[in-house]
Amino acid sequence: MAIDPCTSQTLTAPDGAELTVCTHGGHVTGWTPAGGRPRLWLSPTAECGPGLAIRGGVPVIFPQFAGRGPLPKHGLARNRAWTQVEAGPGVWSARLVDDEETRKVWPHAFELELTARAQGQTLDLELTARNPSDETWSFTAALHSYFTVGDPAAVITGLGGRVAADSTGGPEFVLGEPGGAIEALTTRDVAIEGAGDPVALEDPQLGRLVVTANGFPDRVVWNPGAGHGLGDVPDGAERGWVCIEPAVLQPVELTPGSDWTGSMRLDAGGHSADS
Ligand SMILES: O=P(O)(O)OC[C@H]1O[C@H](O)[C@H](O)[C@@H](O)[C@@H]1O
């Protein structure tokens, strides 16, 4: 039976961890660790459909991050229907391959697969890109994760003292104090190349969420702040989330027949807000 790309499915692991997904965009829209509270933010006014990108969860950015190239912003993967490959308890995977429509935007043959697994206190996402064509192409990518913020005092650790730049370009600067935390809800849109692990969102209400990644060496931190003008984010709702985005911002070259894999682990099992 064909799945409506915009219909959500919730896949519950045996230990109670919950993963919510939809095939539009190959999108994880929700995650609740076992016995915990939801940790991914999804806009109450998110839109879904051909050409639209769901606001929240984990949009897959491929083959271009933001406006860093000639393609539409954030590329082509997030705003079209993928095909489900597997759906099981806490586990899901989906695939996107090129077709006539994608080749109008980006004239290459490609295969993209996202696998998600929720188990206990962790969520693992793995993105694989393959080049089945006979020409080399390159891409940038990100797992553009929207994390719920439950307390305005929430901070991000692991990035203080790093060299950053406005994600849309501009001079480099040092982010916060070395070893220090930065406020989660400050208006910012910064890229930190070669950021290293771990980065954590420390939220007095929700607890600690550790973000680690392989194959995504860079991190983008984004909160648009008040007066954002985003049609799919109600005024004030930007105080309920921050994006911490594992990304690969320098183009990766894929030769014919080769592939690339990047992964992200979210771990809510550090210190809970109640402990
Ligand atoms: O509004 P979107 O197209 O989803 O982009 C949302 C945001 O994505 C990233 O975080 C970029 O760094 C931002 O510059 C951009 O505004």
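Any Cβ shown, glycine's included, is placed from N, Cα and C.
Features reported for this protein in TrEMBL:
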ACT_SITE  HIS144  active site
ACT_SITE  GLU245  active site
REGION    256-275  region 'Disordered'
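Sequence-distant neighbours of GLU245 (active site) (same chain, six or more apart, CB under 8 Å from its CB) are ILE61, ALA142, LEU143, HIS144, SER145, ARG219, VAL220, VAL221, TRP222, listed in sequence order.
In the three-state DSSP classification, HIS144 (active site) falls within coil. Other Cβ atoms within 10 Å of the Cβ of HIS144 (active site) number 23 in total over all chains.
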